[in-house]
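Here's what TrEMBL has on this protein:
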type	residues	note
COILED	537-590	coiled coil
COMPBIAS	445-455	compositional bias 'Basic residues'
COMPBIAS	463-481	compositional bias 'Basic and acidic residues'
COMPBIAS	487-496	compositional bias 'Acidic residues'
DOMAIN	19-433	domain 'Major facilitator superfamily (MFS) profile'
REGION	438-509	region 'Disordered'
TRANSMEM	17-37	transmembrane segment
TRANSMEM	58-80	transmembrane segment
TRANSMEM	145-164	transmembrane segment
TRANSMEM	176-195	transmembrane segment
TRANSMEM	251-276	transmembrane segment
TRANSMEM	288-310	transmembrane segment
TRANSMEM	317-338	transmembrane segment
TRANSMEM	344-366	transmembrane segment
TRANSMEM	378-397	transmembrane segment
TRANSMEM	409-433	transmembrane segment
Amino acid sequence: MGITVEVRETEGAPDGGWGWIVLLGGFVITGFSYAFPKAISVYFKELMHDFGCGYKDTAWISSIILAMLYGSGPVSSIMVNKFGCRPVMLVGGLLASGGMISASFTTNIIQLYLTAGVITGLGLALNFQPSLIMLGTYFDKRRPLANGLAAAGSPVFLSVLSPLGQELLNRYGWRGGFLITGGLLLNCCTCAAVMRPLQRKKRTAAACSQELKEMLPPEAGQEKIICENNNDKKPTKKKLLDFSVLCNRGLIIYVIAKFIVVLGLFVPTILLVNYAKDQGVPDQDAAFLLSIIGFIDIFARPTCGLLAGLKWIRPKMAYFFSLALLFNGLTDVCSAKSTDYKGLVIFCVFFGLSYGMVGALQFEVLMSIVGTSSFSSALGLVLLIEAVAVLIGPPSAGYLVDKYKNYELIFYMAGGELIIAGIFLAFASFFCLNQKKPKDSQQKNHGRKGHKGRGKQFSNPEEIDRQMKAQRELEANEGAERGSSSESEEESSSDDEQPKRKGVEGLIEIENPNRIAHKSKKVVEIDVNAPKELSRREREEIEKQKAKERYMKLHLEGKTDQARADLARLAIIKKQREDAAKKREELRKGELISLRLLMQDQ
């Protein structure tokens with residue numbers, strides 16, 4: 001009897017190979033997603049001149065792009081689950097490119113919000129999240145390295161797109177620059193094309209074993225057994241966003257601090273180019289300031305990641321993040337007085353260093369607070385809240401610039417927000433999360449020592465008799481010991497004052513209802529011939545032993561269902577053996593007859 005075994009397997013993460021091409025695509029998409037909203041600020045001066053608007057109006061473009069990038073996470077998740085990563089990324093690339101191409105034909109600032117803001121921002125969001133999912137699919141052991149290399153795309157593209165945008169603005173104007181930028185964003189479709197999903201493998205094998213034959217019932221025919229890998233199990237339905245993570249006090253503190261951070265974090269990079277131009281810095285040199293920030297950021301992120309992995313820093317990740325926020329805020333405050341190009345360059349160096357520290361630590365702190373199992377839900381909620389802050393921070397800064405014509409006030413406000421966030425995170429973490437928890441003295445030992453397994457199942461009456469005999473001897477010995485070891489009332493009271501075992505100090509003493517409390521009696525009152533008083537547990541054990549003994553006797557007499565089934569099976573086996581013996585005897589007789597006939601012919 002053959003047994004067909006069909007095994008399904010899913011290809012694991014290759015940690016290399018085509019994964020490096022996927023990593024290159026993620027590098028490009030991350031660069032466009034994070035650097036493009038900042039690099040587009042080089043066009044703000046011309047947009048203000050052509051549309052007759054102010055700083056607050058043009059700052060809304062970057063804010064809308066960032067808000068769409070952060071706030072479209074749930075939409076991207078739904079589309080990825082329904083259609084897969086590659087189709088969603090192809091659509092996102094077309095939207096990002098089409099938005100910038102359409103923006104080159106706009107005639108007012110509202111149309112620019114819709115095209116360059118909403119459409120392009122949605123396209124970048126539909127590319128960014130699926131690229132992270134594909135990186136996690138292709139990399140397992142090297143996933144931290146892959147994520148670090150992909151994240152480096154942000155500062156690299158920032159250092160390239162800013163001077164490139166200024167050059168396009170000088171040669172073709174802002175409309176030509178938007179048109180060419182839209183063509184560059186079509187590279188997102190190229191990156192989407194390389195996001196090849198992993199294929200599943202199937203293999204089939206045949207197995208025939210004599211032991212399996214004997215174990216199967218006689219009436220069983222040929223069976224088909226399908227063995228599936230755990231990866232082929234139908235996934236259970238999960239919530240898109242698990243709001244129960246908001247019950248975590250650490251997450252609430254982090255969300256409040258991060259909201260304050262986002263209000264001022266992006267303001268200096270968005271207004272820096274226009275501020276430099278107002279100070280008389282040439283356009284090309286003003287755009288180069290963003291390249292300096294990006295270049296420093298390239299080295300700051302991996303260096304900060306290495307420091308965060310040290311043993312004496314990792315347990316205090318929240319305080320390290322607070323230090324990075326304070327550093328970034330003090331950089332903004334101290335640079336408010338910079339009026340020449342040299343001072344702005346020094347500001348960009350320190351700002352790139354502090355900005356890289358914040359970017360490298362923000363998600364690591366979040367993971368240390370909520371853990372890896374709840375990280376996806378917590379990240380989605382945090383990004384949604386940050387989207388609100390992005391819509392408030394840069395436009396408010398632009399409004400203040402238009403009203404007071406003073407960039408110094410904006411840098412003070414942005415730096416002050418980061419300083420407040422850093423101080424709040426540090427003090428809230430210390431007073432709310434760093435409190436020592438009281439020791440739980442009421443924990444129970446659920447290990448192997450405290451586990452009581454099931455009683456042993458005996459196989460014959462002789463074993464039952466031996467157990468019953470041993471039980472009676474044990475009970476007789478216990479009765480003799482109680483009769484010979486009776487003590488006075490003074491001795492019993494001294495026993496009550498003995499120290500408790502280690503680990504049970506402070507517990508409330510509760511009388512066990514299953515145990516009989518034996519009162520201390522004087523020697524003259526003890527009745528040796530009095531019957532022993534058993535506890536409920538002892539009576540139950542005796543009843544179980546008697547029930548087992550009765551069952552085994554019935555089993556030996558063939559009066560139980562199991563005994564009848566065993567006898568029937570033995571009868572079938574005996575009949576099969578008799579039939580096989582008859583067949584062998586007939587074959588042997590046939591061979592003898594054939595041999596005799598052969599000898600007669602000869």
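Cβ coordinates are placed from backbone N, Cα and C, and glycine is handled just like the others.
Predicted, not measured: the structure shown is a model, and the values here were computed from it.
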Spatial neighbours of the transmembrane segment (344-366) not adjacent in sequence (6+ beyond its ends, CB under 8 Å) are 151, 154-155, 251, 254, 258, 261, 265, 268-269, 272, 276, 279, 281, 289-290, 292-305, 308, 317-318, 320-321, 324-325, 327-328, 331-332, 334-335, 338, 375, 378-379, 382
Do we see three or more Cβ pairs under 8 Å linking the transmembrane segment (176-195) and the transmembrane segment (409-433), pairs being at least 6 apart in sequence?
-> no
Outside the transmembrane segment (288-310), at least 6 residues beyond either end, the same-chain residues with a Cβ under 8 Å of its Cβ set are 35, 38-39, 41-42, 148, 151-152, 154-160, 162-163, 269, 272-273, 276, 317, 320, 324, 344-345, 348-349, 351-357, 359-361, 364
Of 145-164, 251-276, 378-397, 409-433, whichever stretch has the most CB pairs under 8 A to the transmembrane segment (58-80) | 378-397
Intrachain neighbours beyond the transmembrane segment (409-433), with Cβ under 8 angstroms and 6 or more residues off its ends = 249-250, 253-254, 256-258, 260-261, 263-265, 267-268, 271, 318-319, 321-326, 328-336, 397, 400-401
